[in-house]
Amino acid sequence: MKPHFRNTVERMYRGTFFYNFNNRPILSRRNTVWLCYEVKTRGPSMPTWGAKIFRGQLYPEAKDHPEMKFLHWFRKWRQLHRDQEYEVTWYVSWSPCTRCANSVATFLAEDPKVTLTIFVARLYYFWKPDYQEALRILCQKRGGPHATMKIMNYNEFQHCWNEFVDGQGKPFKPRKNLPKHYTLLHATLGELLRHVMDPGTFTSNFNNKPWVSGQRETYLCYKVERSHNDTWVLLNQHRGFLRNQAPDRHGFPKGRHAELCFLDLIPFWKLDDQQYRVTCFTSWSPCFSCAQKMAKFISKKKHVSLCIFAARIYDDQGRRQEGLRTLHRDGAKIAVMXYSEFKHCWDTFVDHQGRPFQPWDGLDEHSQALSGRLRAILQNQGN
């Protein structure tokens, strides 16, 4: 039996979609929340029997929020369909507020036959600790039911355009900064939910053998510390990892290196004028262009010091050597990762599930050899 839908919208106007699903991280005057949803029965064919839109306001009572409207409707309908398993997907213009996140977490705990994936265009009050904690509770994986939350990227915006927008036959045209904003929001959500790296991803990409093949990605793990009473205090809210963005005709046509994604992220933190130390652990040392831009950043931000530990040196010939020298000359500390840095990354950024770091054969020897090469590069100021 098909469900009876109330308080829903069949399709939204194109202007409504572009205005409300703008993924610019900081926006004002977006007080209406749009929630597009799909409900599928879990099984081999997984037919979609519900695909509609709820709309609500940010500031009235929580019962007026679209998440609460959906839960009210779905709970009533589920009373007649308790035995069926469902997969629910939301596409929302704002991530849930604290009360909605708590209500959704309670709903999932009460109804383990329902799985929920939430794609969000923007993060609501992501800098407030109570909002951060509510989303962590909603998405925690401690063996119980939880939601999966992701940032909308091109494919999700395209899907919403096709399924929920009265496009009048016109194709979806993404905003120019959609991929850059996605990268910022994706990294911020990773910080907020404390995402960790798969162990295989870490050991494959951070292996410090001097010659490797097939590893085109760069991973960058980072942490931020603030000076307080002559000691460095770790800021847990600014800790995570990034990787380079592959070339994408819908996003970055030429791709975007992890270091540049990281530089995009730092202003988003809105650091004050106190002294900060930023430490990066990278699978490859920066290329010439990235090194130059990182050097420009620290030369302008005198209150931010930068430490870079690289697992390997990226093609250290010619201009790339000069890029590292410029970065070093402008005040960055550059070093090769040794056992202690690999172990720290494993303990801090990897989903190790209690397993200790196991060094691979030749780790120390490779680290010593790479350190010698790096010293030669940095000391060769005349070339």
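Using N, Cα and C of the backbone, Cβ positions are placed for all residues, glycine too.
Within the same chain, residues at least 6 positions away in sequence whose Cβ sits under 8 Å from that of E259 (active site, proton donor) are T218, L220, C280, T282, P286, C290, A291, K293, M294. Residues or ranges marked as active site, proton donor by Swiss-Prot on the basis of sequence analysis: E259.
Feature annotation from Swiss-Prot assigns Zn(2+) 1 binding site to H65, C97, C100; the stated evidence is sequence analysis. Classification of H65 (Zn(2+) 1 binding site) by DSSP places it in coil, neither helical nor stranded. Neighbour density for H65 (Zn(2+) 1 binding site): within 10 A of its CB lie 25 other CB atoms from the protein chains shown.
H257 (Zn(2+) 2 binding site) falls within neither a helix nor a strand when secondary structure is assigned with DSSP, and so counts as coil. Listed in sequence order, the residues of the same chain lying 6 or more apart from H257 (Zn(2+) 2 binding site) and placing their CB within less than 8 Å of its CB are T218, N244, P286, C287, S289, C290. Sequence annotations record features per position, and here Swiss-Prot assigns Zn(2+) 2 binding site to H257, C287, C290 based on similarity to another entry.
According to Swiss-Prot, the feature domain 'CMP/dCMP-type deaminase 1' maps to 29-138, an assignment based on sequence analysis.
When the domain 'CMP/dCMP-type deaminase 2' (214-327) is classified with DSSP, helix, strand and coil residues number 34 helix, 39 strand, 41 coil. If you look up Swiss-Prot, you'll see 214-327 marked as domain 'CMP/dCMP-type deaminase 2'.
Sequence annotations record features per position, and here Swiss-Prot assigns phosphothreonine to T32 (among others). T32 (phosphothreonine): 15 other CB atoms within 10 A of its CB, across all protein chains.
Residues or ranges marked as phosphothreonine by Swiss-Prot: T218 (among others). The Cβ neighbour count for T218 (phosphothreonine), using a 10 Å radius over every protein chain in view, is 24.
The feature region 'Essential for cytoplasmic localization' is assigned by Swiss-Prot to 1-60.
The region 'Necessary for homooligomerization' annotation in Swiss-Prot covers 209-335.
Apart from the site residues H257, C287, C290, the chain places the Cβ of T218, A258, E259, L260, P286, F288, S289, A291, K293, Y314 no farther than 8 Å from the centroid of the site's Cβ atoms, the recorded Zn(2+) 2 location. Of the recorded residues, C97 (Zn(2+) 1 binding site) and T32 (phosphothreonine) place their C-alpha atoms 13 Å from one another.
When each of the binding-site residues C100, C287 is scored by how many other Cβ atoms sit within 10 Å of its Cβ, C287 comes out lowest. Between the CA atoms of T32 (phosphothreonine) and C100 (Zn(2+) 1 binding site) there is a gap of 15 Å. In the structure shown, the C-beta of C290 has more C-beta neighbours within 10 angstroms than that of any other entry among the binding-site residues C97, C290.
Summarising model confidence by region, the domain 'CMP/dCMP-type deaminase 1' (29-138) averages a pLDDT of 86.
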